[in-house]
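First up is the structure itself, then whatever we jot down about it.
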Amino acid sequence: MKKLIVFAFIGLLSQLIDGSLGMAYGVTSTSLLLAFGITPAVASASVHLAEVVTTAASGVSHIKFGNVDKQTVYQLVIPGSIGAFLGAAFLSQLPGDVAKPYISLFLLLLGGYVLIRFLFQYKPALEKKHVPLNRKQSIPLGVIAGFADATGGGGWGPVTTPILLSRKGLSPRKVVGTVDTSEFAIAVSATAGFLISLGWEDVNWLWVFSLMAGGIIAAPIAAWLVQKFHPQLMGVLVGGFIILVNARTLINEWIANTAVHPLIYTAIGAIWLSAVLFVLSKIGNRNIVKTAVDVHLKEK
């Protein structure tokens, strides 16, 4: 029972983060599940099963509020679904003990990318004439992001969100809505790949329902939270958290000398704290709390 409550909290925390940033539900929840000793394939399968429900709810909400660029969604869902299915089949064939440290390394690198992006490259997009993706851009982007999402348990948001933010004409809210809406197809495709490769018997449905419950509870809270807190600060906090969780797995797997473990954790914590303080100095204490009006004014 205690583990189910913990998994529900993991789902809640992950959805709060994803609903605020448009990324990191899969990365956060998979990282925490791996920390509990769950094999990479089962962890990723559980997360994607839960995401079928959470991404559907998120997508409907974004469509309702006009936060979706439908053309971009159509361009990404087919190549993304193919990549997710192939990634799920690939991960399912790897032995859990062999794959775990490498998946943690991949997630740690994604966490580092999220942290660096929000630390140094955060620039709210301005509304300009929309320049859509062409096939040479959308197909490789969808396949790579879908494959990364299935193999790492997360990656659709961290890969697609910064690419779309760099495009002209898509405001941050539309980027988040487009990524979240298209992720439903990715979750369905990855789930199909896992169920075909792993079978139903390896899935713990109580874990899945716990993750779903936490995510459903967090969805409206996240919608409120994204209007209140500065996204740059949230991004740095999330990136550092992902690094710390996955660093624990890598340290335990690859560094036998336990005497140096506290030193490594201290160094990671110090760097993370420095990054948070740096962001606070950039945005100013008065700008930590953002209102919906402030955000929408920047987008227009």
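Every residue gets a Cβ built from N, Cα and C, even glycine.
Per Swiss-Prot, these features apply:
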{"type": "TRANSMEM", "residues": "4-24", "note": "transmembrane segment"}
{"type": "TRANSMEM", "residues": "33-53", "note": "transmembrane segment"}
{"type": "TRANSMEM", "residues": "76-96", "note": "transmembrane segment"}
{"type": "TRANSMEM", "residues": "102-122", "note": "transmembrane segment"}
{"type": "TRANSMEM", "residues": "139-159", "note": "transmembrane segment"}
{"type": "TRANSMEM", "residues": "206-226", "note": "transmembrane segment"}
{"type": "TRANSMEM", "residues": "231-251", "note": "transmembrane segment"}
{"type": "TRANSMEM", "residues": "260-280", "note": "transmembrane segment"}
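A contact between the transmembrane segment (231-251) and the transmembrane segment (76-96) is absent, since fewer than 3 of their C-beta pairs, 6 or more residues apart, lie under 8 Å. Between the transmembrane segment (4-24) and the stretches 33-53, 206-226, 260-280, Cβ pairs under 8 Å are most numerous for 206-226. Of the recorded ranges 33-53, 102-122, 260-280, the transmembrane segment (206-226) has the largest number of C-beta contacts under 8 angstroms with 33-53.
Counting only same-chain residues 6+ beyond the ends of the transmembrane segment (33-53), those with a CB under 8 A from a CB of the stretch are 3, 6-7, 10-11, 25-26, 88, 91-92, 94, 96-97, 99-100, 103-104, 107, 150-154, 183-184, 187-188, 190-191, 194-195, 197-198, 202-204, 207-208, 211-212, 215-216, 245-246, 248-249.
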